[in-house]
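According to Swiss-Prot, the protein carries these features:
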- 9, 57, 85, 91, 102, 112: ATP binding site (BINDING)
- 115: active site, pros-phosphohistidine intermediate (ACT_SITE)
């Protein structure tokens, strides 16, 4: 079983889409191994997105991610990283396939409803950024 990180971003939290998005993940076969709501500080958002620090959109991304609470989850399932990215859809909601989370709930390339890890390596780093081992309930093996 793989694990991946998913974040329901401030736009979706603010519009009360948490339950709908969680239901999509569960109906897609994911098990939620951990979940919590947090309101990121500037330092926390900058740390999480440090890989993008030199990109022109960095400050806008940080400002958006601190604009309201987010829901952070560890999703568990077979081929979790790839499946989560398929369920989320393209970064730009206008290019996302019909039925994906971003097509349903995203507004723009910057305000796009959810974040998901892009590799197993990054998933491990991102999960450790938000959760301690005691907070993650692994499936019985």
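Heads up, the Cβ atoms here are built off N, Cα and C, so glycines get one too.
Note that the coordinates shown come from a computational prediction; the quantities given were computed from them, not determined experimentally.
When the alpha carbons of residue 85 (ATP binding site) and residue 115 (active site, pros-phosphohistidine intermediate) are compared, the span between them is 9 angstrom. Residue environment of residue 91 (ATP binding site) contains 15 other Cβ atoms, counted within 10 Å of its Cβ in all protein chains. Close to residue 115 (active site, pros-phosphohistidine intermediate) in the fold, though at least 6 residues off in sequence, lie 5, 6, 7, 9, each with a CB less than 8 Å from its CB.
The DSSP secondary structure for residue 9 (ATP binding site) is coil.
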